[in-house]
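Q: As annotated in TrEMBL:
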type	residues	note
TRANSMEM	17-38	transmembrane segment
TRANSMEM	50-69	transmembrane segment
TRANSMEM	81-99	transmembrane segment
TRANSMEM	105-123	transmembrane segment
TRANSMEM	135-157	transmembrane segment
TRANSMEM	169-188	transmembrane segment
TRANSMEM	225-244	transmembrane segment
TRANSMEM	256-276	transmembrane segment
TRANSMEM	283-302	transmembrane segment
TRANSMEM	308-331	transmembrane segment
TRANSMEM	343-367	transmembrane segment
TRANSMEM	373-390	transmembrane segment
Amino acid sequence: METTATPAQRTLTNGHLLIIVFAQFAGTSLWFAGNAVLPDLTRSLPGMTGWITSAVQIGFVGGTLLYALLAIPDRFPASRVFLVSVVLAAGANVSWLVGPVRADALLVSRFLTGFFLAGVYPVGMKIAADWFRPVLGRAMGFLVGALVIGTAFPHLIRGLGSTLPYRAILLSVSALAILGGLFLALFIPSKPVTKQPVGFQFAQLSALFRPSGYRPAMLGYFGHMWELYTFWAFAPMLIALYAAQHPNIHINASVWTFGLIASGSVGCVLGGFWALRSGSSRVARTFLFVSGASIVLVPWMLHVSPTLFSLFLAVWGLTVASDSPQFSTLVANHAPVANKGSVITLVVSIGFLITVVSIQLMAGLVAQVGPSVWLFYLLLPGPMLGVWASRGGRK
């Protein structure tokens, strides 16, 4: 179904980039679909927030490791890998609907969704790296911005259509994901793959730890990942704590959650253009520093006006995600061409493994001491490590 690039096709147009962006948005909308419908399931499945989020992350880690070990992103046309993966992820997303609501079925569904998303998010980045290298920082900004909106999208559906059955929400998200995969497969050509299958060489991973190579960007990315998904997963808790302090103010928690997550897409796009002038390393460090400062301010934000609190959430949401495309750009620019897809996939895999640790620590603390704004200080070591480690990164 997908097209294959000819030697004459060296670049794609901005219109092609928009198609990749839409496909990435549609595919990654599967990510937090389970979290968005969780309020409908709280009676039958209490205390599942941490496990539902971690199941996707663990599945994604397993998927990225297998995709990298088998060199799937480098052996096969990228558009085909994207389409097959997104169809399987969409099917896994709704697979648990065929029977009664059970925790084990939901967790398996979430795990498999994350597993097959390994062929969506990193492969989308590889496609961008293949075609938009001269302006990769900008392209990655749009691409990760699409991931951010996709992640937030189920919360918007939940917030604006609170009367929709959770089954309708999940089916709609899966249909959107498949549509995005079809668009990408139909309109985005794949770079020719090597005639001989490329097996991933672990010796090449040593480049990740060289002080002058990958290491600053990689460690900065890992610090960013310690904060990002745990913040997204427990942002509804923060909003609920604020609402409890202000009982006379009506707050649509799902819409607010969508807003704070989606604001990151604006930062990703703006950061992409900024990186063209100042370099990806500087942009990433700046965003990481501001998101870390936001963590420090959290306890005092519960007592401010709704306008100031929503502005605070927007700034934190904008900066917490916006360093990601620039760290990804730095990694992609230094990856060996023959193994670019596998290297990106492995770095992303390690990053998401870190998110599992962070999410489970937060969930465990919430279970032990109850919801508390001070628990968000658990996220602070991530930005601190990231800023320190990435200070020596290349542009």
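Keep in mind that glycine also has a Cβ here, set from the backbone N, Cα and C atoms.
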Q: What parts of the chain pack near the transmembrane segment (17-38), using Cβ distances under 8 Å and only residues at least 6 beyond its ends?
A: 45, 48-49, 52-53, 55-56, 82, 86, 89-90, 93, 106, 109-110, 113-114, 117, 120-121, 124, 127-128, 132, 139, 142-143, 145-147, 149-155, 157-158, 166, 169-170, 173-174, 176-177, 179-181, 183-184, 187-188, 232-233, 254
Q: Return yes if the transmembrane segment (169-188) and the transmembrane segment (81-99) have at least 3 CB pairs under 8 Å (sequence gap of 6 or more), otherwise no.
A: yes
Q: Does the transmembrane segment (373-390) make contact with the transmembrane segment (283-302) through 3 or more Cβ pairs under 8 Å, each pair 6 or more apart in sequence?
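A: Output yes: the transmembrane segment (373-390) sits against the transmembrane segment (283-302).
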Q: Verify whether three or more Cβ pairs under 8 angstroms connect the transmembrane segment (81-99) with the transmembrane segment (256-276), leaving out any pair fewer than 6 apart in sequence.
A: no
Q: Looking at 50-69, 135-157, 225-244, 343-367, which one has the highest count of Cβ pairs under 8 angstroms to the transmembrane segment (105-123)?
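A: Answer, by Cβ pair count: 50-69.
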Q: Going through 50-69, 135-157, 225-244 one by one, which has the most CB pairs that fall under 8 Å from the transmembrane segment (343-367)?
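A: That would be 50-69.
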